[in-house]
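According to Swiss-Prot, the features are:
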type	residues	note
ACT_SITE	Cys50	active site, nucleophile
BINDING	Thr49, Cys50, Asn51, Arg52, Ser109, Glu114, Pro115, Gln116, Gln120	substrate binding site
BINDING	Gly189, Ala190, Gly191, Glu192, Thr193, Ile194	NADP(+) binding site
SITE	His99	site 'Important for activity'
Amino acid sequence: MTLLALGINHKTAPVSLRERVSFSPDKLDQALDSLLAQPMVQGGVVLSTCNRTELYLSVEEQDNLQEALIRWLCDYHNLNEEDLRKSLYWHQDNDAVSHLMRVASGLDSLVLGEPQILGQVKKAFADSQKGHMKASELERMFQKSFSVAKRVRTETDIGASAVSVAFAACTLARQIFESLSTVTVLLVGAGETIELVARHLREHKVQKMIIANRTRERAQILADEVGAEVIALSDIDERLREADIIISSTASPLPIIGKGMVERALKSRRNQPMLLVDIAVPRDVEPEVGKLANAYLYSVDDLQSIISHNLAQRKAAAVEAETIVAQETSEFMAWLRAQSASETIREYRSQAEQVRDELTAKALAALEQGGDAQAIMQDLAWKLTNRLIHAPTKSLQQAARDGDNERLNILRDSLGLE
């Protein structure tokens, strides 16, 4: 049995290839059935995200194994083999185990240390459990990777610092306000970045969020998810005074929030401070706003400096994480080797028990026919001894003929001979 990990990711393949190799959720069962129909495959898990498509397999060794699996992947997706080979990586046994642990821990992600990948790996594993998982070693490898990912997050600072613009914006807000549960947040825009910001804020117990967007329909979908109120962009001037925090990310070519608008809001708030985080490019907030007393304006460049600093911290934590992965990989491979020995022991014991049962049955039959009990028992003992020592004796003789002293010593040790 061999463990394999093969696939492509954001480091080896452009998005144009990654999207062609991805497995859609509605066809995943079909793909797993097709994969497990391959004669060499004993068990399989398919991990398919926007940044990677990987197959984790338990296989029987055979000639042209790599070619057979690449051919299956190309046939399934109707790809040219040469196009795929240039971007494909292939890991076996120790390297496959280490790779999965690194992936689950966020060490192989586009955003170093990002936590979402662990959930994606867990889902891929759960999907494979629906009648597709046939290899206990593969199952154990995934379970081990989950515990390793948890250990990495617990024992290192890999996830402690923000390295995405959305997360950095929320981290900044948490640093300035003692508690986010009592503040009102105005989100301007409803795109992907604002979606991430809104979800982060909800996780930090923000009770009141207002979403201002050009189109109400898109904003309403997000508002329903996070429990926010939706307003039009034209209502910002009137509602701005309610907001303690404003986070803006639109595609507007011109600023949406001007200096005069913020001045009026501050006056209505009796100069209670406001935090404005402008993630947009071009900017949504006029730079002059930053000159106002009690208005604290941060641009995407300010966030980028925070992210760069935090990324350096994550890279330092990643070194510690790699040490954990190496240690856990070594322990898993030791367990795997022990499992291999256990199977050999089971086969050897089963073989011995089969000989015992066969000879005992013959002896009992002879006794039932009235044979001499002492002679029958002596014959049983003699035959049982000869049958059990036959194979080891042949191995000892062959090692002696070959002059293989190392093998002779191993056999002597195995047989308990001094």
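Any Cβ shown, glycine's included, is placed from N, Cα and C.
Overlay of Swiss-Prot annotations on the structure.
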{"residue": "Thr49", "record": "substrate binding site", "Cβ neighbours (10 Å)": "20"}
{"residue": "Cys50", "record": "active site, nucleophile", "Cβ neighbours (10 Å)": "12"}
{"residue": "Asn51", "record": "substrate binding site", "Cβ neighbours (10 Å)": "19"}
{"residue": "Ser109", "record": "substrate binding site", "Cβ neighbours (10 Å)": "20"}
{"residue": "Gln120", "record": "substrate binding site", "Cβ neighbours (10 Å)": "17"}
{"residue": "Gly189", "record": "NADP(+) binding site", "Cβ neighbours (10 Å)": "27"}
{"residue": "Ala190", "record": "NADP(+) binding site", "Cβ neighbours (10 Å)": "26"}
{"residue": "Gly191", "record": "NADP(+) binding site", "Cβ neighbours (10 Å)": "15"}
{"residue": "Glu192", "record": "NADP(+) binding site", "Cβ neighbours (10 Å)": "10"}
{"residue": "Thr193", "record": "NADP(+) binding site", "Cβ neighbours (10 Å)": "21"}
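A straight line from the CA of Gly191 (NADP(+) binding site) to the CA of His99 (site 'Important for activity') spans 33 Å. Here the Cα atom of Ile194 (NADP(+) binding site) is found 21 Å from that of Thr49 (substrate binding site). Compute the center of the Cβ atoms of Thr49, Cys50, Asn51, Arg52, Ser109, Glu114, Pro115, Gln116, Gln120, which mark the site for substrate; besides them, the chain residues with Cβ within 8 Å of that center are Gly106, Leu110, Val111, Ile117. Comparing Glu192 (NADP(+) binding site) with His99 (site 'Important for activity'), their Cα atoms are 29 Å apart once rounded. The residue listed as 'active site, nucleophile' carries neither a helix nor a strand DSSP state and counts as coil. The Cβ of Pro115 (substrate binding site) has 14 other Cβ atoms within 10 Å, all protein chains considered.
Neighbouring residues of the recorded NADP(+) site, listed in sequence order and excluding Gly189, Ala190, Gly191, Glu192, Thr193, Ile194, comprise Leu187, Glu195, Leu196, Val197, Ser249, Thr250 (Cβ within 8 Å of the Cβ centroid).
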